[in-house]
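> Got a structure for you, questions after.
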Amino acid sequence: MAPIVETAKETNSDSSLYLDLMIKVLAGTVYEDPAHRENFSHRDSTYREEVRNEGRDWPANAHTMIGIKRLENIRQCVEDVIGNNVPGDLVETGVWRGGACILMRGILRAHDVRDRTVWVADSFQGIPDVGEDGYAGDRKMALHRRNSVLAVSEEEVRRNFRNYDLLDEQVRFLPGWFKDTLPTAPIDTLAVLRMDGDLYESTWDTLTNLYPKVSVGGYVIVDDYMMCPPCKDAVDEYRAKFDIADELITIDRDGVYWQRTR
């Protein structure tokens, strides 16, 4: 697959500088935000640039944990669909503090795009406890035990959008468990689908309900493909079931994406 052509990015140096800085602020690299005290990547809470770039820690205060490389990937994908007029909205399923969606809205603002919506889908209660009947890999990860860090309220996410002056009518929230909200989500067409649900069930629910809405030429981004085995299982099974052969492209140690070609 050919590299993404950054058509829109090259048209306005002011917007490029704005987005360059926004990415650094969202990830907390510009002020070296330390890791959360319950950080999983190293034993202390010190800020480590190489870890933050790869999205391998939980920041104490920054508005995203996905790191610089995955934020840049969002920018590349969104600017590509803008530059090539790929129809559809933008969505992230599983938003934590909202940083990835804030970047999506910032990109639309930077390029004066007014006919696309950013959809913010999350339980706003953290990771579900799948129970004994749930997928074995989901039970093994037991991420609900980390909800003291992973659960972020809708009001906090809205406040984060507001602090960037980006909470407006082009941002819509879908609060609730994906199995309940996504089947009836009022989304017609998607240009970028970003999944960060971690679990098999969350990933499967997202693909089942939203992948058919992704335009040809649009992008599917999987945040935890190489970090969370159940997420990878769901993606691989869905792609096999529906004969999706589009190339999976690596973003960093954890994330992948593909461009829909048919």
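Positions of Cβ are set from backbone N, Cα and C atoms, glycine also.
In case it's useful when we look at the structure, here is the feature table from Swiss-Prot:
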ACT_SITE  Glu72  active site, proton acceptor
BINDING   64-65, 92-96, 122-126, Phe178, 196-197, Ser202  S-adenosyl-L-methionine binding site
BINDING   Asp196, Asp223, Asp224  Mg(2+) binding site
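Help me see these features in their spatial surroundings.
Shown in sequence order, Ile23 are the residues of the chain, 6+ apart in sequence, with a C-beta less than 8 angstroms from the C-beta of Glu72 (active site, proton acceptor).
The number of other CB atoms found within 10 A of the CB of Gln125 (S-adenosyl-L-methionine binding site), across every protein chain shown, is 16.
Secondary structure at Asp224 (Mg(2+) binding site), taken from DSSP and collapsed to helix, strand or coil, is coil.
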> Around the Mg(2+) site (Asp196, Asp223, Asp224), what further same-chain residues have their C-beta within 8 angstroms of the site's C-beta centre?
Ile66, Gly94, Arg194, Met195, Gly197, Asp198, Val222, Tyr225, Met227, Cys228, Cys231, Asp254, Gly255
> Compare the Cα of Asp196 (Mg(2+) binding site) against each of the binding-site residues Gly94, Trp96, Gln125 and report the nearest.
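Looking at Cα distances from Asp196 (Mg(2+) binding site), the smallest one goes to Gly94.
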> Which one is it, among the binding-site residues Gly94, Trp96, Phe178, that lies nearest to Asp224 (Mg(2+) binding site) by Cα separation?
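Closest recorded candidate to Asp224 (Mg(2+) binding site) by Cα: Gly94.
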> Say you check the Cα of Asp223 (Mg(2+) binding site) against those of the binding-site residues Thr64, Gly94, Ser123, Gln125; which is nearest?
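Answer for the nearest of the binding-site residues: Gly94.
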> So how many other Cβ atoms are close to Trp96 (S-adenosyl-L-methionine binding site), meaning within 10 Å of its Cβ?
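Other Cβ atoms found within 10 Å: 23.
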